[in-house]
Every structure is written in C-alpha cells, then in structure tokens.
Amino acid sequence: MSSFYNEAKFLISDGEQMRIDTYAVGRKTMQQSDAFKGTFYENFTLVYALPLSNHDNSSLMLIAGFYALLFMFGTCGNAAILAVVHHVKGQDPRSRHNTTLTYICILSIVDFLSMLPIPMTIIDQILGFWMFDTFACKLFRLLEHIGKIFSTFILVAFSIDRYCAVCHPLQVRVRNQRTVFVFLGIMFFVTCVMLSPILLYAHSKELVMHEKVDLDQEVITRMHLYKCVDDLGRELFVVFTLYSFVLAYLMPLLFMIYFYYEMLIRLFKQANVIKQTLVGRRSGGEEKKLTIPVGHIAIYTLAICSFHFICWTPYWISILYSLYEELYQDTKSTASPPTYAFIYFMYGVHALPYINSASNFILYGLLNRQLHNAPERKYTRNGVGGRQMSHALTTNTRPEYSELIAIPSSSCRPDSRVSAMIHNNNNNTESLPLAQNISNMTNKDSATIVPMPMSANVDGNEIYNWITPDTESVIL
C-alpha cells in the first residue's frame, strides 16, 4: 500500500471548506482494500484526512494546562515522599519495620504511576484524537484504573492499620511487615482481576467522521480519527461499571468511615481515662501537654474522609450517568449532542481523581508525624547529657495504649511486647503489680484494655517518658 503526506482541503457536504494542514493525509487505491472488492468503488482512490487540532480553543488549553500542573505536582510530590521515606529508613533502623511508612511508600508509588497517563491525556485533548497504538492504549487504561482502584484499596488498608494500632494494640501479628505485604498482594490481585476486561478489550479504534465520494475523479475522501476506547460492549460495560462502583468506591468509603469512627471513639475514651489518671500529678500546662490531641486527630481524620469523598463522588456519579444512558438510550427518540459547557464540566469532573492522586502525599505523607519527627527522634532518643528516653512498645504503638509501660531504648527489642513485659518484671520491681495486671489482661479482648492506675511507688517524672509528643504519631 502506498501513501503520501501533504496539505489538503476537505469538502464538507454543505460546501464549507475545512483546511487540513500539518497533519498526515494518506492515500491508497481501492484495489488494495478488501472492503470494496466486487463493488462499484473497487477502482476508486481512498484519501484519509485528520481533523483540525484544538490548539486555538482557549478553554480547552486552560484545561490542558491544569492537567499539566497536576502532573508536575503529583509526580514531584510523590517522588519527594519516596525520597523522604528512604531517608527516614536509612536514619532510623526501627522505621524499617514501620507499617505506616510501608503504606505511605506503596501509596506514593501507585499515585506516581497513576500520574503517568496525564501527558497522553493532554495530547489527546489538544489534538482531538489518539495518536498512539493499541499497546499504548492498554497501558494508558491500566495505569489510569490502577490509580482509581488499587489506590483506594490502600487507603482502606491504611485505615484498618490505624484502627488496629489504636483499638487492638496487642495484636502484633496484624501489623507486621509480612501481614502488610500479604494484604497488599491480595488487593493487587483483586485489582488485576477487576481490570482484566480493560486489558482484553481496550484498543485504538478508528472512527470515520465524514466521507465524501467524487465520482468524476474517482476519489473517496474520508475524514477519520483514532480514539482509545474500552469497547466492552453493552452487557460487559454494565457489569464492569457496577462491580467497580461497589468494590472501588462504595465499600471502601463505608469501611473508611467505620474504622476511623471507631478509632476516634476509642481515642476519646482513652483521653478521658488518661486525663483522670494525671489529675493533680502535674501543673495545668504540663498536664495539657500529656493529653491526647483528640481534636486535632478528629479534624485530620475528617479531612481525609471528606477529601476522598469530594474527589470521587462526582466522578462516580458521571459514570453512573453514562451507565444510565447506556441502558436507556434505545428509549430516546432523539439525542442532542452535548454542549461545550457540559464537555468542559466533564473534563473537570474527570480531573478530580487525578487531584486526589496528586494530593494524597500531602494528607498521608507531609502531615504524618512519623515523617515529620523521625529525624528529631533519632537525636532526641539519646537525650541531652546521655539521658535515654523511653519509647513505646512498638514503632507505631502509642504509649498510652501500651498500658503506660516505660521501656528503656537499649534494653530490649522495640517490637517485642513480651520482652518488654519481662524486662519490666525483672528490672523494675516497683512496677511489678502493674506488669502483672497487664500480663493477666493479655488474653482478654484488647478492645477492653484501658490504662491501669499508676501505683504510689511510680515516680511522677516518668510520665514524660510514658506519654511523649510522639503519642499521636500512629494517627498523624
């Protein structure tokens, strides 16, 4: 098949001329096309033309510029979080077993990958057609939907991890690295199964916009373009949309609300118990520093759920609207084309998931106390003048949820609750009744555990070691 590239003019049926320049215009004879063999047009020459680009559309260029800013903001931000996590793990060996940092790291990787399709989206917006092949189309759809599904699954796992850290602090196996990676592997497998129809059917599809036949010159001029489409078919599209809505939006949203709500309820109860325990032992200013910042945690948690809800709800409403049109389009006698305002509005709606992926690193990374305070903890654990500070039983366990046991940093493994209790029994005889009470309670439901009252033999100065400024690190 021979082809050439030149400037051409495309004649619209009403006589209006549309200039086709800077684009390829291919030509081939009908003798080389199986579609017209044995027909009247068998010896006609077929000329292909591409439509004009949208570079002169100022509104669309503004949208493309906004997408470009999202791409730079999201990729740079998530890459910066990955660099910070790598630095923190290098400075503090204990953080290598930190499940919170693991979730933040995986979330940043997924959000970074979900930003990669944005340049292809911008090119498609400006040109008005898909300029890449089918393989690029499949890769584009895969990265786009991974950010929409797998990223949401990670946020749910993150909420479960924080819930377990607060409400079930003694369940160590639930929050170790092996369990986290098994959980992430299962979620990734479920994501791949959900996206299998996209991988099978997504391709670059040719769309013929207009065709004109010149009988005198025996030429057929066809204006066409390519679009990256899922092409699932009506039945499969309905099934795919419904189970994606339920599994990737509705259930994750309900899970996040439930686990964060239960976590806040437990924090309010624990804060009241700790406040009653510390009454009269310290001055008002010092006592305020030792309380749990429940209000700050509640605002932060509400911001997480609200931001996720705001970004994803309009998108899924638009998806359900397209599903409604797919199911009931046969009952419509006439279908008017969408207005420009509606098109621009839909561009904004579909930009919201990208905004969510580009901004997750702020809520889950920059606002996380473990990333903020990790360099400080490295130098403050040794203290001034060689004084060692105590830390919680595990990297992520808040001291007040570890029954207020003070554990020296160099005594035992920081991730071993059993060794911590043994150490307190052997070396701190004054706290023996407290340790025995905790040992007797380990077989009970951790949801019923509350801080035990301090005995009269316990030095009040140790409160600063039991409740440090890092007490909210697992939450924030």
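The backbone N, Cα and C atoms fix where each Cβ goes, and this holds for glycine too.
Taken straight from Swiss-Prot:
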type	residues	note
DISULFID	Cys137-Cys228	disulfide bond
CARBOHYD	Asn43	N-linked glycosylation site
CARBOHYD	Asn57	N-linked glycosylation site
TOPO_DOM	1-61	topological domain 'Extracellular'
TOPO_DOM	83-102	topological domain 'Cytoplasmic'
TOPO_DOM	124-139	topological domain 'Extracellular'
TOPO_DOM	161-179	topological domain 'Cytoplasmic'
TOPO_DOM	201-236	topological domain 'Extracellular'
TOPO_DOM	258-291	topological domain 'Cytoplasmic'
TOPO_DOM	313-334	topological domain 'Extracellular'
TOPO_DOM	356-476	topological domain 'Cytoplasmic'
TRANSMEM	62-82	transmembrane segment
TRANSMEM	103-123	transmembrane segment
TRANSMEM	140-160	transmembrane segment
TRANSMEM	180-200	transmembrane segment
TRANSMEM	237-257	transmembrane segment
TRANSMEM	292-312	transmembrane segment
TRANSMEM	335-355	transmembrane segment
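Projection of Swiss-Prot feature records onto the structure.
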residue	record	DSSP (3 states)
Asn57	N-linked glycosylation site	coil
Cys137	disulfide bond	helix
Cys228	disulfide bond	strand
Interface-richest range of 62-82, 103-123, 237-257, 292-312, 335-355 toward the transmembrane segment (180-200), CB pairs under 8 Å:
237-257
Which one is it: of the disulfide-bonded residues Cys137, Cys228, which Cβ has the fewest other Cβ atoms within 10 Å in this structure?
Cys137
Count, for each of 103-123, 140-160, 335-355, the Cβ pairs lying under 8 Å from the transmembrane segment (237-257), and report the range with the highest count.
140-160
Residues with Cβ closer than 8 Å to the Cβ of Asn57 (N-linked glycosylation site), same chain and 6+ apart in sequence?
none
The topological domain 'Cytoplasmic' (161-179) - residue tally per DSSP class, helix then strand then coil:
14 helix, 0 strand, 5 coil
By Cβ distance under 8 Å, which residues at least 6 away from the ends of the topological domain 'Extracellular' (124-139) in the same chain are close to it?
50-55, 60-61, 63-64, 67, 198-199, 202-204, 225-229, 347
Work out, from DSSP, the number of helix, strand and coil residues along the topological domain 'Extracellular' (201-236).
4 helix, 23 strand, 9 coil
Summarise the topological domain 'Cytoplasmic' (83-102) by DSSP state, stating how many residues are helix, strand and coil.
18 helix, 0 strand, 2 coil
If you average pLDDT over the topological domain 'Cytoplasmic' (356-476), what do you get?
46
